[in-house]
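Enquirer: Per TrEMBL, the features are:
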- B:16-242: domain 'Cytochrome b/b6 N-terminal region profile' (DOMAIN)
- B:49-68: transmembrane segment (TRANSMEM)
- B:112-133: transmembrane segment (TRANSMEM)
- B:145-165: transmembrane segment (TRANSMEM)
- B:177-198: transmembrane segment (TRANSMEM)
- B:210-236: transmembrane segment (TRANSMEM)
- B:256-282: transmembrane segment (TRANSMEM)
- B:289-309: transmembrane segment (TRANSMEM)
- B:329-356: transmembrane segment (TRANSMEM)
- B:376-396: transmembrane segment (TRANSMEM)
- B:408-432: transmembrane segment (TRANSMEM)
Amino acid sequence: MTDNTNHNDADKSRERVIGTPTSEGATLATAEDAPHRRHEGPYPAEETHVRPEEVQRRGERMASLWFLVAFLAGIGFFVSYFMFPANSDGTPSIADPETAQWANMLLGGTLALALFSIGAGMTVWVRRVLPHYEVSSPYDELPSSEEEKSSFSEFFMRGAQESGILKRPLLRRTLLLAMVPLGLAPVVLLRDMGPLPGDKLKRTIWRDGTYLVVEGTNRRIRAEDLVPGSMISVLPEPDDPEHGLSMNDQAEAVTILIKMDPKDFGPGMSQQQLEWTHDGIVAYSKVCTHVGCPAALYEQTTHRILCPCHQSTFDAANGAAVVFGPAHRPLPQLPIRVDEEGYLVAAGDFSAPVGPTFWDAGVED
Amino acid sequence: MSDNQAPQAPKALRGIGNYIDDRFHLAKTAEKNLRKVFPNHWSFMLGEIALYSFIILLLTGVFLTLWFNPSMSHTVYEGSYERLRGVEMSEAYASTLHITFDVRGGLLVRQIHHWAALIFVASLVVHMLRVFFTGAFRKPREINWLIGVAIFSIAIVEGLFGYSLPDDLPSGMGVRIFQGVLLAIPVIGTYLSFFMFGGEFPGEAIIPRLYMLHILLLPGILLALIAAHFIILWYQKHTQYPGPRRTEKQVIGTPMFPGFALKAGGFFFFTFAAITGLSAFVQINPIHLFGPFTPTSITSGLQPDWYMGFLEGSLRLFPDWFDFDIGGYAVVTGVLVPGLGFMGLLFGGLAIYPFLEAWITGDKRAHNIADRPRNVPVRTGLGAAGITFYGVLWLAGSNDILSHTFQISLFATTWIFRIALIVGPILAFIITKRICLGLQRRDRATLEHGYESGTITQLPGGEFIEVHKESSPETVEVLQSAKYQGFRTVPPTVDANGVESPAARGFLGKLRIRLAHWYTKDNVSFEDVVPHSALHGEQRTEEKAGQH
Amino acid sequence: MKWITARRRHPLAGYVVVIVALAFLGVGYAFISPTSNHAVADTVAAEQGEVDIANGKQIYTQSCMSCHGEDGKGRTKEETGSAVAWGPSLEGVGAAAVDFYVRTGRMPSADPNVQMPRRPQVYSDQEIADLAAYVESAFGGGPGIPYDVPGDAPQRGEFGSDAEYEAALAEYEKNYAAYVGGGDVETGMRLYLTNCAHCHSWSGAGGALTDGRWAPELDEASPRDIYEAMIVGPGAMPVFNDDTISPEDKQALISFVKNLQDEPNAGGPFSLDRVGQVAEGFIGWTIGISLIVACAIWITAKQRAHD
């Protein structure tokens, strides 16, 4: 099996450049049924091996069969396309997920079958009908000859000399100088892609007195609404309830509200941080200080807050200090209090910049 | 039939041919190129998978742009998909729903586009591994290797941006992580983020900008690089595995016309069929089930597409121990090293490897015969170590899924992967190198003794031996290639007069000598081996074969 | 065997073995990743019927007291002298907690040190109602059982005749459809994605927590199970009581979960368990790449010169 890539081993050391006339041995046997037939192919007979007519005929039939299958599958594709209407007026329509699954399967299945059959037909064709090929061709000698190289070098240097770029430095240097502003122009043009950060990353829309509302229902929360062990994702109450908060405001202001037994607060909470809580209710930024995923996976038994993206883990009972994972800073805490009606409101902005740590996150402006 | 006359070209074809040739003088060039020879081996088709999936990506991508609306402005969905009717979302998400449920075949094409993207990057990786392990990146093909590395890196970014476009829940989180990594860059991070996003996250600019990058700039660059890659391959001709008549000077294979053209054409259809088949039956990225992006929500089991998995994993594994401040300014190594450093390590390492290896071995020759990986054990070992490193990071990117599936403590998986990341590559290197050397010994034995025929025969003296038979000429040829591949390249440190040679001087020179020694010292010598010289009396020479 | 012996040295034999192995891998994966929609198997609720507190007390004494204590204040490992016999206080947990833990088979538990998975329930619905009533009356009330939220579907075995069973089933299905058909989609989605999905995943497939705990999948959970879990806060799960998320909002949330789970997968019959990108990458590599490589092997396989 392994030694039949070339049936004529006597020729194996022979090297021949494609395009030179075939040798006298072109009348070598190429097929059993016609041992003395002259070769008709584009490549030398001793390198390609014509298959017996019988094999070729069988190959032709097989390949054609595949192409016929491809044709039928292609027709099936069109049928599938028109079988399922697009808009929801008709039933069944592809807007219904179950119908969509059928439509997708039939369209994709027929298309895949058609494509596969064409591929299979072509492969049978090349393997059964075409002669068996393994022809040789030289690798080009890649480096140019010394002669060519020196000729080029001489030509090029003479040209450079003639242009004056070598002996007229003023010309050369002023041209380079002229390029500098032009090279910087694209950078300058990109300036208006966005505003400068300023202190925007360091403050949010939380203000003293802003109501905490349940995200999704915009319901205000009373302190007694929460029982120990509860948690809820909250946002600041929007000024304009019609339009709600912008995405940017949500992204920076989103907060998780956790109520635990006040006795559970650990030594990690400073006096200030304890003052920012209310009756065991503590509010932390929901945005992870690692790369900014919402970290909200709160376990009421361990008081851990876990970020599902990269598993930074914060201890809610100890000022959201990092207890595991890649984050570095604790989650910023939102000071809260109750207003005269008993509703939870913010007592100011977050204790630190929310979100991923950046260069000047720890620097006061 | 009996004469050697080629059939006359049909008149119409001749007309077209002449028309073109009159203007471009192409007859000779065309014939030369149609005679181009391509060696046959399945592993030489891996790059073609990438090429074909790229073509499929372009075709399906154009289809998707007909309906996709890359806008982050808000809308209330009123389309045909009932479950989300009345929900507020971005135009980008709504238009993706439209493609899925209002355009016939839209869902199929979207799934083909996504599967093709996964297959595209996967085939880039397997193709690159094939090139690496067979040493096909060596002179004269280093430039093409560099282009390949560039294609790989851009393809990953291209995929990340495409994944972000539908503005569904996981894709928005991908963008968020991207922004988090940008922010961590010292000094200019916040500026980069504000310029990229047109302000704060998420803003309304990022999807239109990613869309431009995804459908115009990056595919344009990819197309140019792929074209250059292909032209260089065409010009230099493909490498081939060792075998009879296959030498550094001539390539053996199927010529472009007619054989290889048919094969390559058929393979395009096969690739397309496999991707379409997956898209027809296996659901991918069901954005209509995820729901629209909101910056306040997240899901457990959140993952990027597989090719970003190693970055996700490195972000999970790298601890915060090395974060530090300079005068109050934060240097967030916990994000910078895994987010940018590991990526730089991967692509930088790949890009530099051909030059590093050439420097170590001092090998300046051109190579057209591919190495058998066992004949270059150190390179193969390094490759295995690299795969292990990458694989551990990749697995670590799904540690929550593994923890949940196999009920292992989450923090324990992190620690297991942290340790595996350091120990795994070292072990992989040692084991792979050992296996390579073992295979070399077996090769040498086979070359000298022939192969084991499985026939036991009794000698007149009464002892039993297994009869060894001569290997085929092709096998001999393949085995003998070790003579040239595993050669020892340690250059002489002193010249004929006992003076230290210039190449061995200085720190770098000494380092190079040591590395070169390390690179080849364990190779089994094939220099004095005469094929089948020890065909008889196998048992006595069995032990000798192991020595060198 | 002869056939195999004759061909095992064929140059393609190695490839064939690899392809067969990969095919087994793929098919095997398809089998071990079952599709969703397990039938909800449980018994019909003894809804709002009579309860027998004395019977409840008897069950408590037999099955709960050894860990939770006679006074319901819970017992520590030291008190019971066993590492696997201790339990938390039941004071003020309420009927909903009992109903949730016992009906989902999480109680009685043989080992309180590990998280209990969902199991077939041990007691009948009537017994659970009795037990819940006893715990509520003896140890102080917490949230009650939300009987208006559909629980598990009725089982044939609980009815004397087919007609009764079918009537009960029809009634149940009507209630179920009315419950999950109501509720605002957007509110439900927003509440679920922002408060639940970070543990239970967007699809309700569950996810990993710390220390080997996990958030369970919601496939088998009935609307009432989900409702009770929210007001009870079992295990590490935080409480979402009716003051923060009102009953209507909970209905919207549960509707979202159930409608999402019941929706067929438009993209194809193989949904990969809705695991998402990890499974997609796995399939792309194992099935996608190997199918295409198999084709490449066919195209480039060596041939005899004359066959």
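The backbone N, Cα and C atoms fix where each Cβ goes, glycine too.
TrEMBL annotations: computationally assigned, not manually curated.
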Enquirer: Would the transmembrane segment (B:289-309) and the transmembrane segment (B:49-68) count as touching if the test is at least 3 Cβ pairs under 8 Å, pairs 6 or more apart?
Expert: no
Enquirer: Tell me, roughly as an integer, the mean pLDDT over the domain 'Cytochrome b/b6 N-terminal region profile' (B:16-242).
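Expert: Taking every residue of the domain 'Cytochrome b/b6 N-terminal region profile' (B:16-242) together, the mean pLDDT is 94.
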Enquirer: Let me spell it out: take the transmembrane segment (B:210-236), skip the flanking residues so only those 6+ beyond its ends count, and list any with a Cβ under 8 Å from a Cβ in it.
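Expert: Cβ under 8 Å, 6 or more out: 33, 36, 51, 54, 57-58, 61, 65, 68, 70, 140-141, 143-144, 147-148, 150-151, 154-155, 157-158, 161-162, 164-165, 175.
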Enquirer: Kindly say whether the transmembrane segment (B:376-396) and the transmembrane segment (B:112-133) touch, using the definition of 3 or more Cβ pairs under 8 Å where each pair is 6 or more positions apart.
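Expert: They do touch: at least three Cβ pairs between the two stretches lie under 8 Å.
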Enquirer: Please indicate, using numbers and ranges, the residues of the same chain that are 6 or more beyond the transmembrane segment (B:256-282) and have a C-beta under 8 Å from a C-beta there.
Expert: 33-38, 45, 48-49, 52-53, 55-56, 108, 111-112, 114-116, 119
